[in-house]
Structures are given as structure tokens and as C-alpha cells.
Amino acid sequence: MSLCVSRMRWFPVLSLLLWICSVFLCGLYLFVGGFLLVRVEVNRTSSCLDALFPGQEPERDFCRGQPRFHKAVLLIVDALRIEFARFDPNNTSPRPFENKLPVLGETLSSEPSHSRLYAFRADPPTTTMQRIKGFTTGSLPTFIDVGNNFASSAILEDNLIQQLGQVGKRVVFMGDDTWESLYPKRFHRSLPFPSFNVKDLHTVDDGILQHIYSTLEGDDWDVLVAHFLGVDHCGHRFGPDHPAMADKLSQMDRVIRSVMRRLQKDTLLVVMGDHGMTDTGDHGGESQKETDAAIFIYSPSPVFQKQQAQLEPEVVPQTDLVPTLALLLGIPIPYSSVGQVLLPLFPPHGQSAAGALSQQEALWINAKQVNRFLETYSSVAKDIPPDALLHLRTQFSRLSSEYLSASRKGLLSSPELTSSLQDYLTSVRDTCRATWAKFNAFKMAAGLLVLALACVSCLILSELSLTLIKENDSIKSCSVVAVLAGVCVAVAQMLARGFVEVCWCVFGAALSSELLFIWKTYQAKSPSRKVANFRSLRGFLTPAAFILLLRCASLLSDSYVIAEGRVVTFLTLSLALYVPIHLNWHGLLLPQTYDSPKPSAVLPSPALPNSVARKEANTLIACLVLVVGSAFLSLFFHSCREEQGSCQPSQFLAPLSRMQDEKRKNLHYVLSVCALALYTYLIRNWMRSCGNLNATSITVFTANWIFPLSSVSLALHWAVSGTSEDSFKNLSELIGLAQVALPRAAYFLLTTGLLLIWLDPLTVFIKHKSSAQRLASSRLPPRYRASIGISPQAELHHLIPQIYQEMRRSLDDGELNAGAEEDSGPAVEAYGLGTVYSAPLLLLCGVLGVGLLLLHPEGMALAFLLLLLEMGAVLHIHASAVNLSRTQAGGFGVPWTPVVLWALAATQFFHSTGHMPTFPSIQWGAAFVGFPGGHTGTVLPATLVTLNTFASHILFAVSCPLLLLWPLVCEPQSSRAARSSTDAEVDEAKMEIRLRDSPVHFSSALLQLSTRYLFVHGAQVFASVCAAAILRRHLMVWKVFAPKLMFEASAFVVSCVSLLIGVTFVLRTDSAVSRWFKRLVPDVSR
């Protein structure tokens, strides 16, 4: 069989890539398992009959005294920032979120003994599930709990809801359905409403308002919990500085007034927020605007004492609500609570009513409960430092003696005793907060070792790709050893410990396969291969490696991580500028001129004519200018971190629906549509110029119809979603229908287009010629053998007039008579064959880019256009550098510089599409594009949010094979002619088809490119892991380094999957080309 129908080695390519990705993921799994551990939960429950010390007679020690209130109403206004609750009568021009709750200010001034307003500080992460857990259990949530925010599991720790039920109090809940998942079947009556749709401002609130007043006026409740979501959803959708926020806060003002009018004398009202929000309406981090919510406490009967200014706190930690409510309602404080009672709600000793708890008694019960938890936890977890534990025990022993002595002497009102009790409770909470970041050093070390060896293996794999492709047995032995090692570790654990811990089985499998791979590659080296590998290593030690080293080193600095967007942009530009400097240093950028009097025969002949070399140099410089311009403009689309101070987020990050200025909204819409149109035009125009839009395949149909129609659907969707709800009230139903139909139509078109491209990726147009046409065309130069209707550029550069020398060989074997007249040659012209691999891959990325843009705000169309321009500029810089330096003559390998540049650009546009490695920056609204009514599960919304967050990584990883293909597409004709002086007419226009001359080298080059790209991302992941491990006790670990690790690891996983998709698509295209050649040979012979 001729070489034209030979296929690539797809199995070794994919199997080796899957193996190296797997060992990277195993290392991440091990490290994250040791770094992000959930704190040990104490599964014990408080009871009124609990005794302080063993051997004591049971008594109502923890429920001493009569309850001060018999009923309580908790109104939780989600994301009620403290600034929203404060009232300033001197503010004559309030912003939409200011002075909209006047009921609080009026009550505070008219009834000071009945009400108080405090800042209510949450512990990060400031997400709803963690906050509910915090102010119902009194515990401190850990960092890893943030992953459960949208898949909440039932709370098993002792909590207020459970304690209220145990003493027979009827708890009625209505609002956010997160409560129902946290406390299933714990309520006397429950009215949950769906909470995940952040664009829905009214469903939850309106549902509560339908039932809350009738419930208050009834008598079948003791504690009422109502969780409103409108303010939080308004912040997510519009931000706090929007008229919709003023409407929501005014609605809450009316609700609070109505509830207060219906309260009885023995009822306590608590209005609070679970967290705050940033100026963009987001939350999840630990900035003060996110952590400081408001808490307003009110009762129709006097509850606060006068002249207690020294006891009034400036800020109330959310955990303090748990012991305060428990003692006010006469129930035990939950076992794991580390909160401190709010003293102004309790009278001083000697001023309390008969049987009611005084401040000192409340503090003493609180201190005993916290000490009991501390002793139990320290016996189970063993993670509290011994010196800190000894200090707390000594402190409590002294306080116990002082309290019992003061109680016998009637001196409980001592301010010193009160202050000592408060200091002890504060010390316990601070100690727990400092030590609950528990790390498993063995798992972290195992993960670091596996990741380090994975980086080494990936580097070896990239340099020995050709050998490994030919041998095709390394992966089999590594896989078998990995399975055997994992089984052996599991058996050993079962025999020694009686159970199996999966993580150590994973460690054994990954480590054994890596060590075997490294050992086999080392043993297989011959002296000549060692020299070649040394030269290959020297090729890695370039400025590209230095830039990568700087990038990895920057991940160990919190300042550089905070400013990562600008740092990566600077490194990208630096590496791009290195390319022409390097070429000029070696005299390759500009055509060389010789003034020597030597004869022309002895002068070195340049690889390219001066005109061609000058054209390549001009192209390189022009593309470099385009990269610099794109990088500079991309900075205008960045968001801002809380640590960046005066930084202002890009105006293009705000959806059109948030904009109130109609002129600005129209301008943004026009710019976005123009950017989308140019994005679509550039891709289709390139395909047309290469002759890839002349065929009748389904891929060409996608390029001609589905691709433009999906862009039109997206533009119409932007127009509808940016329409104000009040603009066309008569068409509200039609607009609502369009908000669902248009994005879903775009989803359908884009999914269909991607499937069609995958099913038949060929974009080659075949034209059979008659004998007369062949005779006429034979008198013309080959590059002019084009038909009418084909673009001039395709005629000049991308026309394949015959099916190359390989087909001639196959026809020589009897299929065709090679010795016949000229008109008996192959009667075929093939258009688009020179870009048979790159054209469908570029179209695939273009369609995928429109789909990812659909999940972003409208203004990001400009950022996606810049991404496409920079991607094309980098490809042309790489191609021009290859042409000028003549490195492609001996093979198809891609140097390290463009690979590192490609990976850095992916991170650059992660920031330039409005993302940051922080949880508040996650664009949750992507989950509801086309699904305004919400979802029934979590898989689809999680997928949409992931696609939105890592859009740039997806596009650059899928399109990574273009780095291998583009130099062949842009190869000058003179260079092609110089390679084959014997048959220039046949070989002149081969371009990408030249890859099929040697499918083994093609497979090797594709594997090498893929592993180099994975190595660059893997090195960055390893640097993030090292930063988290080294700085795990750093002040900024949970604010900067842990989120960065999570985002870097997630980006690596997404990049692995996307790269596998891109490589598999190239292999799929190669298979289609092989079948096409097989069908074509019999057709030509007939």
C-alpha cells in the first residue's frame, strides 16, 4: 500500500497522553486530600442533664434559669450588608442601597431599650451553606466546605434546630431551600423555595410573604425562620448600586414593619444577614464588605439595659448568636459551639428577674460548655498544640475557682470576673480557628513526590516521543505495574489495618508506574541517544525555560498572585519579543547582503530569497505588534481583587441588563455585535482563502450556515437579555420566551455544528477534469490550474493540482499507466487539501468559542476577538520564525518558545475574560443562560460554570495542534521547491499533506507538542502545590494560596481534557483523510 493511505499511530499517542495526565491527577488528588481536610466533627449532643465532671449527680446544669423569651422570629435577609441597614438622616442623596431600611433607624432612636443594631461578622468562606452552618451550630467552617455550597448535605453536628426540637418547640421554616437539605425532616412545618437561580428576584420572597403573616397570627409555632433571597440575587444580577436593589430593600423595610406589629411581648425578633456583598454583588471571600452583615435585635418588651456602653460590642461574630439564642430560649447550647453569649441581652447580676439568667451566670454556663467541647475535641483530634491546650486548661481551672468562690460570697457582679470569662471564651475560639487548618503531612508529601516525578516523566516523554511511538510497549508495562502495585497496597492495608484507604493505593500505583517509566527510558539509552538527549535538554534551556521559571516562582508570592493578570501579560510580551531579537542576533531576521569580491559560486546560498525573507520578517514584526496591542487592550477587561485597593473592574464585565445609561448600553451592544461579527468573519474568510469552503461536506455546511446562524442567535439573545423589564411591559411574555428560546437555539446550533465537524471533518473539494482541460492546463504553471469560482489566493497558494507523488506510485502498480501520455495522468484537482488538518480544527475552535462566549457577559465579545487575534498572531510569529530559521527542514517538532507562549496566553486570557483565582469572581450567572427557571440537578449548572470559568484554557488546549500545523500552512513556496528539485511540480503545494509522508514522525511530533504543553501547565500546578505546602501557615494561605491552588488544579484538569479532545480530533481527521485517499484511487483509475 502507498504512503498516502497510511495512518498515524493513534493508540500510542492517546495512551501515553492518558497515562501522563493520570499520574498528574493522582498527585493532585493526594496533595489536595492532605491539604484541604475537613475538621473533625464531634458527634455528641448537649442535654440539660449534662454534668460538668464525671461522677456528679445529673442536674439541669446547662439549662439553668427560666427562658427569657418563649418565641423567636428569625428574618434572614441574604447578603444584608451592614451599610444597607444603617440610616443617615443627613444623607440627602442616598445611593440605591442607602437609607432604604428606615424602620431600623426609627426603632433604634425611639425605643433604645427594645432594640440594637450590630455588625454581624461571618467567618470565611462567605457562602450561604457555610453561614447557615455557622450560626446554627456555633462552629467554624473549614475551607473545603465551600465545595458543598450547591450540594448541601445534612448537618450532623449538634445545632439549634435539633435542640429546639428536643425540648418540644415547634420550628416553622420558609424560604431558601438550602435549609431543607441541611435539616431534612427537622421542622414542624417547612415551606422551601428554589434558591439557585440568581436571576430570580421574587419567587422565594413572594412565597414567604404569602405565608409569614398568617403564620405569625396563628398559634402553631414557637420559632419562625424566614430566609429571604431577593437582596442577594439582586446583588448577583445587578449589583448593589442599582434601582432594583432600592426596590428590594424597601420591600424588606415593609416586611420588618409588618412583622414587628404582629409580635407578642414574649417574642424576640432577629433580623440578620448571613454575609455581605462586594461592590459588584458577589461574595464568598473574606473582604470586610463580604464578611460584615447586619444583625438587628428587637422585642416589644424592654430587653436592653441602660448605661452599659462598656459591654456593647462593635462587631458580633456570627457564632455568638448560637449560645445567645439557646440561653434566651431555655435550651442547651449545642455541643460544638465556640460562640460567646451577647451580654447586653442579659441583665447584670442582681438586676435580673426571679429565675432569669444574669450576665455572669450566662457566661459561666457558656464557659463550661466550651470547656467541655474543648476537652472532648482534644481527646479525639489531637491537633490542638499541647502548650495552647495546657494554657486554656489552666485558665479555666483558675476561672472555675474564682467563679465558685465569688458565687459563695455573692460577688458575681465583679467586672474582673466578667472580663476574665470573656477573655477565656475568646481565647478558645482563637485557638480553634488557628488549629483547624489541619494538614496531613504524609499525603501532602506523597502528592508532591508524584507530581515531581510526573513533571520529570512528562519532560522525558516529550524528548523521547519518536522512540516511544516506535516501541509502543512502555505504556503497557507501566499500566500493568500500576495495577499490580495498587492491588498489593490494598492487600497490605487490609492485612495490617483491616480496611483499605484508597489514596495510598493510588499513590502506590502512580509512583510505581512513574519509576518504571523513568528506569526503562534510562536503561534504553545508547551512547548516541544520550548525546541526542543532551542536545535536546540544551534546547529546553532557553529563555522560554527562564520565563517559565519566573512564572512558577511568582506563584510563591502573594503579591504576584494578586497581580497575576498583569504579571502573566508581561511575561507573555517578554517571550514574544524574544523571538525577533533571537533571530536578529543570529542574522536571520533581515536578508543578508554580501559585499565580498568572491565569486558568487563560493558565497553561501540563502535558504530563502531576499524578497521572501523580507516578507517573512515583515509578517513577524506585524504580528508582534498585533500581540503587543492585543495584550495591552486585554488589560481593560480585567476584574479586581479586594486586595488591589483602588482598582476598578472593567465596565465590560457588567451585563447589559445592569446598565442604566441607555447610550452606554447601546454602545456596548454595538461594539459586542461588531466584535462577534468580525470574529466569525475572520475564521470563515481564512477558510475561504485556503479553498476549504468549496466542498459539499457537512463541515463546510457548518461553516457556511450553522456558524453564522449561531452568531446571529447570540446577538439576538444579547439584545433581548439587555432589555429592561419595564421597557416593554406589554411584551413581557414574549421577551421571557425569547430569553429562553434564543440561547437554547444557539446551544442547539452549536452542538449540532460541533457534532457535524466531528463526524466528517474533511473540507476538500475534488474536481475531475476532462482530457481537453488536462491538455490545456498542462501548458500552464501548476499554481494557475484553478477553476472559476475559486478565490485567487487559493489559486496561487492552496491548490493541489494532482494527488502527489505517492498517488503516482500507487497508480504505477497497475492502477494507472505511468508511462502513458500526459493526458492519462490523474484527472483530479483537489482544493483545500493543503489545510486539510488545520481548517476543520480552526472551525471547531471557532464554533466552540461562540458557545463559550454565550456563557459570558456581552462585553466579553471584545475579549474573545482579542483572543482570536493574539492566537493568530502567535501562530504567524511561530511560522515566520520557523521559515526564517529553517528548523522545519529535518522534522516537524515545535520548539519550546511557542509552546510556553501558548500556555501563558491561556492564563493571560483567563484574566482578560473577567476571571480571577478567587471564589467571589466565579460568574454563577453562566448556569442560567437559557435556563432562567433554574435546574433540577447540579451537573448541568456546574458544567456551564466550569465552561465559563476556564474558557481560555479550553480554547488554547483544543487548538494546541495548530502550533504543529501552522508552519506548514505558511511555508513559502520557494522553500517547498528547494526541498525537491527533482519533482518540484508535484511537491510544490503539499503543505500539511507532507505530514502524511511519515505518519510515525507526524505522530511523534503531535505527542511531543502535547506533552510539552502539559509540562508547562504541570510545572505551574507543581509550583502552586509547593506554594501551598511551604506557606500553609502563612497569613494569606486561605485568602490567596489555597484558592489559587484550587483554580490552578482545576485549570490543569480542564486543559488535559481539552488537549485530549484536540489531539483526538486531529487523529480523527487523519483517519478521514486516509479513507478519502482509499476511495479516490479507484475513482481515478476508472
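Using the three backbone atoms N, Cα and C, a Cβ is placed for every residue, glycine included.
Feature annotation from TrEMBL assigns transmembrane segment to 16-38, 441-462, 499-519, 539-556, 568-585, 617-637, 741-759, 862-881, 893-910, 950-969, 1013-1031, 1051-1069 (among others).
By the count of Cβ pairs under 8 Å, the stretch nearest in packing to the transmembrane segment (1013-1031) among 441-462, 568-585, 893-910 is 441-462. Stretch with the largest number of CB pairs closer than 8 A to the transmembrane segment (862-881), among 16-38, 441-462, 568-585, 741-759, 1051-1069: 568-585. Segment contact is absent for the transmembrane segment (568-585) and the transmembrane segment (16-38), given fewer than three CB pairs below 8 angstroms at sequence separation of 6 or more. By the Cβ criterion (distance under 8 Å, sequence gap of 6 or more), the transmembrane segment (1051-1069) is counted as touching the transmembrane segment (16-38), at least 3 such pairs being found. For the transmembrane segment (16-38), the partner stretch with the highest count of Cβ pairs under 8 angstroms, out of 441-462, 499-519, 617-637, 893-910, is 441-462. Outside the transmembrane segment (499-519) by six or more residues, the chain places 19, 22-23, 26-27, 29-30, 33, 443, 446, 449-450, 453-454, 456-457, 460, 474, 477-479, 481-490, 493 with a CB less than 8 A from a CB of the stretch. Residues 539-540, 542-545, 547-548, 551, 564-565, 568-569, 571-572, 575-576, 578-579, 631, 634, 863, 866-867, 870-871, 874, 877-878, 881, 887, 950, 952-953, 955-957, 960, 963-964, 1005, 1008-1009, 1012-1013, 1016-1017, 1020, 1051, 1055 of the same chain lie 6+ residues outside the transmembrane segment (893-910) yet bring a C-beta within less than 8 angstroms of a C-beta in it.
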